[in-house]
Amino acid sequence: MDILRVLSRGIKPNPKSKAQAGGATTQLPSAGALPRPQLFHDPVGSRGKKRKRRRGAQDDEPEGDDQELSDVDYFAPKKAAPEAAPTDVEESPKKRKIKLLDEDECRQILRSHRLKLTILSDQPQAEAKTEAEEPASKKKSSKKKKKETEGKDKKDKKDEHKKQIFPQPLTSFGELRHTYDVSPQLAANIAAQGFRVPTEVQMASLPLLLQPTTALKKSEGADIPNIDNGADFLAVAPTGSGKTITFLIPAIDGVLRRRAEEGRDTDQHVLEAVVVAPTRELATQIVNEGRKLAIGTGVRVVLMKRALKLDVEEVADEKSKDLEEGSGSEQGSGDEESEGEEESEGEEGKTSKEAKPLARVDILVTTPKILLNFLSGKAGARRLLPSVRSLILDEADVLLDPLFRKQTMAICRACTHPNVALTCWSATMASNVEALVTKHLLQARQEDRQPTPALHDELKYDIPLEAGGSARVAVLHSSMADSARSKIMARFRAGEVWVLVTTDVLARGVDFAGVNGVVNYDVPTSAAAYVHRAGRTGRAGREGGVAVTFYTKDDIPFVKSVANVIAASEKQAGVQADGGGGGTVQKWLLDALPKVAKEDKRKLKVRGVESRRTGGKATITTKSSWERRREHNRAQAVEASKRRKRQRREEGPAAGEAEGEWGGLED
């Protein structure tokens, strides 16, 4: 017997509410695949083109339209004209390679999709040098004139420093085979995965990463550095825009090209690309996507494990302490494993610790710490990766954060090939992008991992047994074993787990296409953290997801960054809050929220909210609200009893003295 049906027997269903509920469910992110992978396609007018029509052209256009309309004849047997076009394309594929767009056409396409590509150079050092060599007579000028000249010079230098380029855009994945000479098997795998129209990041990145000389062939007037051996690349794109596929396709294509140039067989594997991800879940996802693209190519995409042995070059180095600082507490275990392997080589009886053969790897996907433990080697020595030609940092802003920065820099130093190319990918980047890439400096963001299991214990009893009970709630944190984390990820993707409690770092980049809602139990420490959290519901431009943020009185000063991000995204989507278009952030709310200084924002990133860091009332408890209320009432009753006893002790002697002074009734 269904108790809900019995209780609602006398209630008549409302057909309007059913229709609204049905319409709402179809708009959820889990409703299906997005038919439109591109987020932007703004109309951009042609540059330098006359808008006034000529007399001859004005008369010619209708004739062309009439000719196009006259071709639609259902009784005409002639079909030679439409059949001639595909035959010409098939007979002369070389013409499609040479056919490139002009710089003006590239500019229009890139701007219509809101794409901007710039060259990052060493201009700041030149600026410092010129400022130091200024003559003393120039510094004695008036303050007003000095400010004007300095502002103009800085603006000119800034424009020269941020030189914008317009490479060839990728309009369809079919161009990879003909224009950029991608392997036929790789092109077939891309088509088998259903990729037809590229997203914005794929449109701008793939031509530069596959063949930069071809992509920049039509660029004029740009001081382009030497890119014959590849180029370092930094990409900032929204979550769910296909960044994983964008850096995997050039990595696999580069392995195939170098294998063909060197004449190696498919059985000969050389480690040529390393993909670094901050979490194991994201690394596992990258491996799965890479193996789909590498079917039939002979390229092996492998996930780094502790027992994996790579072909490295071991050199003596007295400065191996840099590796020890980045490896952390688990470095000792890696050293013990390496020492155990060396001892096992001399012992014939112990078969479990025998030296393992070299792993056959072309593309290695890893997290920073496990690779660094392998590279640490013995004391006084370090291991290098001289064959690596491509180093890829996924979620680069986290890997260059002080939380992972030492480990990431140590891995970069281990890749000693002179032509190694570094590519960084993320959905958010700091404002000082150049300093982030060159010096690997970013403010630390340390997080408390204790609230994650505590919140899981708090929520696991809220789902009734009829719906699955505590099995519908799962927790994911770095203290768990790798096998347990993989099982939870598989259960969540299969729909067995409804609520997943996790942290910022573990949720970054992992593709959860069917997530309909995100609950921020704690206010994000920055706008970038909110973008990554809310991006779970908007993968590849899906609409209908809900992101709910809880905040307390202590969080009010830091809510404005989140509100600004929401307001900017709604403005970009054409949603107006005051006009009744469904906006969630009102103007009065933005004006009422206090402004936060940069120093306070820095402290928030480094130390978090002060009230939660100190503990006490802000900590998450596993007790129910009824138990907390009962304990609170009991504590208040005990406090009231103690207060009454103190009052009696204070009032007792005074009352006795007053009674002793009374002399009775007078006669």
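Even glycines carry a Cβ here, placed using N, Cα and C.
What Swiss-Prot records for this protein:
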- 1-99: region 'Disordered' (REGION)
- 59-71: compositional bias 'Acidic residues' (COMPBIAS)
- 77-86: compositional bias 'Low complexity' (COMPBIAS)
- 121-170: region 'Disordered' (REGION)
- 128-137: compositional bias 'Basic and acidic residues' (COMPBIAS)
- 147-163: compositional bias 'Basic and acidic residues' (COMPBIAS)
- 175-203: motif 'Q motif' (MOTIF)
- 224-447: domain 'Helicase ATP-binding' (DOMAIN)
- ALA237, PRO238, THR239, GLY240, SER241, GLY242, LYS243, THR244: ATP binding site (BINDING)
- 318-355: region 'Disordered' (REGION)
- 333-346: compositional bias 'Acidic residues' (COMPBIAS)
- 394-397: motif 'DEAD box' (MOTIF)
- 432-581: domain 'Helicase C-terminal' (DOMAIN)
- 608-667: region 'Disordered' (REGION)
- 625-634: compositional bias 'Basic and acidic residues' (COMPBIAS)
- 658-667: compositional bias 'Acidic residues' (COMPBIAS)
- Which value does the mean pLDDT take for the domain 'Helicase C-terminal' (432-581) in this predicted structure? 71
- What does DSSP call THR239 (ATP binding site) in the simple three-state scheme? coil
- Of the residues in the compositional bias 'Basic and acidic residues' (625-634), how many are helix, strand and coil by DSSP? 10 helix, 0 strand, 0 coil
- Query: Pick from PRO238, GLY240, GLY242: which of these binding-site residues has the biggest number of other Cβ atoms within 10 Å of its Cβ?
  - Reply: GLY240
- Just how many other Cβ atoms lie inside 10 Å of the Cβ on THR244 (ATP binding site)? 22
- Note on the structure: DSSP composition of the motif 'DEAD box' (394-397), residue counts helix/strand/coil, works out to 2 helix, 1 strand, 1 coil
- Query: Which residue counts does DSSP yield for the motif 'Q motif' (175-203) in the helix, strand and coil classes, in that order?
  - Reply: 17 helix, 0 strand, 12 coil
- So ALA237 (ATP binding site), by the Cβ count within 10 Å over all chains shown, scores 20
